[in-house]
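Here Swiss-Prot flags LYS5 as N6,N6,N6-trimethyllysine. Taken from Swiss-Prot, the feature substrate binding site applies to ASN114, THR164, LYS168, ARG286, HIS318, SER370, supported by sequence analysis. What Swiss-Prot lists as active site, proton acceptor is LYS166, HIS285. Annotation source Swiss-Prot lists Mg(2+) binding site at LYS192, ASP194, GLU195. Swiss-Prot lists LYS192 with the feature N6-carboxylysine. Feature annotation from Swiss-Prot assigns site 'Transition state stabilizer' to LYS325; the stated evidence is sequence analysis.
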Amino acid sequence: SVGFKAGVKDYKLTYYTPDYKTKDTDILAAFRVTPQPGVPPEEAGAAVAAESSTGTWTTVWTDGLTSLDRYKGRCYHIEPVAGEESQFIAYVAYPLDLFEEGSVTNMFTSIVGNVFGFKALRALRLEDLRIPNAYVKTFQGPPHGIQVERDKLNKYGRPLLGCTIKPKLGLSAKNYGRAVYECLRGGLDFTKDDENVNSQPFMRWRDRFLFCAEALYKAQAETGEIKGHYLNATAGTCEEMIKRAVFARELGVPIVMHDYLTGGFTANTTLSHYCRDNGLLLHIHRAMHAVIDRQKNHGMHFRVLAKALRLSGGDHIHSGTVVGKLEGEREITLGFVDLLRDDFVEKDRSRGIYFTQDWVSLPGVLPVASGGIHVWHMPALTEIFGDDSVLQFGGGTLGHPWGNAPGAVANRVALEACVQARNEGRDLASEGNQIIREASKWSPELAAACEVWKE
């Protein structure tokens with residue numbers, strides 16, 4: 001018969017290939033699929049593979065002009081999710097040629113661009129991605145990474161301390177700079193612009209940058225330590241963002257910041273390249289992440305957004321606090337914290353890691369613990385996150401009854417006490433409260449903080 005066989009056909013005939021052996025160059029994805037009633041899981045998994053690669057809803061004449069076998073995504077394995085009715089993990093392999101080099105934007109457009117609205121699925125969640133070495137190598141990654149940051153700041157053997165300046169909206173630039181100075185003077189390493197501080201009528205960006213730089217240099221001179229303030233360069237256009245980064249560089253400050261999900265991956269990668277070329281560290285805030293990652297059965301898990309950020313580039317990224325959450329959360333969070341920091345991470349389903357990931361020497365990212373934490377959490381945070389992290393106490397610094405500087409002192413004393421105790425071989429998990437209590441005996445600032453935030 002001449003021509004091709006027209007008409008609608010089942011996806012699973014072409015896109016479900018259980019015998020497929022995955023290649024080292026394939027991008028692998030693990031999707032949590034919830035098919036509509038009556039749709040078999042193979043068909044649902046194949047539909048995801050098809051719609052996120054070469055497929056369309058019907059056979060087309062132009063299929064004959066290319067090699068589908070070379071370019072199609074393949075659903076190569078399906079497993080039911082324990083304890084969930086009609087929910088499956090579908091594993092899909094994508095050939096590397098489907099993706100533009102060095103573009104997280106294109107990677108996401110391909111993998112999650114279209115399929116999430118698909119009729120045959122009730123819900124769909126991307127749980128994890130395996131980025132092959134060949135693709136990792138097309139990205140610059142973090143502007144500097146953990147080791148270079150430590151060298152630039154001359155701070156070793158402990159987590160770094162930060163603080164978000166509150167009230168986040170409404171302060172004038174001069175008062176804002178004063179708050180920054182107090183915190184840094186008290187002993188913090190960093191202070192931070194809030195994610196929604198960009199350039200508003202009450203405080204234009206240029207004024208803020210100037211007063212923060214002044215605060216930074218004053219605190220640096222008085223403490224003999226290198227200080228930083230994450231100047232938020234996020235803006236309405238890439239050009240404006242780079243303009244702000246350029247001004248930060250001219251002021252000689254060490255670090256700028258970006259909201260990478262609201263700003264977008266294209267903007268983020270642009271800024272990241274600028275930061276490496278100009279010696280700026282880049283702090284990444286994850287505003288909007290919960291819109292994407294909060295639903296358990298639809299959207300994308302944060303570990304995927306974290307991996308994408310490491311490719312796109314950032315030196316710090318917010319990654320939850322673990323403290324006070326559920327036990328399961330702890331393992332899962334530590335899973336993606338390792339994915340951010342380590343060079344090689346083994347597959348471990350108990351930690352939510354679906355694939356072994358080799359980062360082939362791409363620099364690591366420091367996880368930032370931020371939100372609702374205070375001095376009593378310090379032992380747990382030190383133990384859970386280890387040295388390579390940034391601990392950010394917003395209210396936990398500024399809420400101190402005596403003011404910002406004493407609040408900063410309290411946090412620094414608590415941290416140094418925990419690090420010393422750990423280095424002496426004490427167990428932070430069981431002796432944490434006692435360690436803080438002992439330290440507060442010779443630090444009135446810490447004692448006052450302990451009083452305000454009861455264990």
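Cβ atoms here come from the backbone N, Cα and C positions, even for glycine.
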Proximal residue to THR164 (substrate binding site) among recorded positions LYS5, GLU195, HIS285 (C-alpha distance): GLU195
Where LYS192 (Mg(2+) binding site) sits in the secondary structure, as DSSP reduces it to three classes: strand
For LYS168 (substrate binding site), the one of LYS192, ASP194, GLU195 that lies nearest, given that the binding-site residues are compared by Cα: ASP194
Recorded positions: LYS5, HIS285, HIS318 - member with fewest neighbouring CB atoms within 10 Å: LYS5
For substrate: widest Cα to Cα gap among ASN114, THR164, LYS168, ARG286, HIS318, SER370 in Å: 37
For GLU195 (Mg(2+) binding site): intrachain residues, at least 6 apart, with Cβ closer than 8 Å: ASN232, THR234, ASP259, HIS285, ALA287
Alpha-carbon spacing, the residue listed as 'N6,N6,N6-trimethyllysine' to ASN114 (substrate binding site), which is rounded to whole Å: 26
Residue, out of the recorded positions LYS166, LYS168, LYS192, ARG286, whose Cβ gathers the largest set of other Cβ atoms within 10 Å: LYS192
Residues near ASN114 (substrate binding site) in space but at least six apart in sequence (CB under 8 A): GLU51, SER52
For ASP194 (Mg(2+) binding site), nearby residues of its own chain (Cβ under 8 Å, 6 or more apart in sequence): THR164, ILE165, LYS166, LYS168, LEU169, ASN232
C-beta crowding around THR164 (substrate binding site), within 10 angstroms: 23
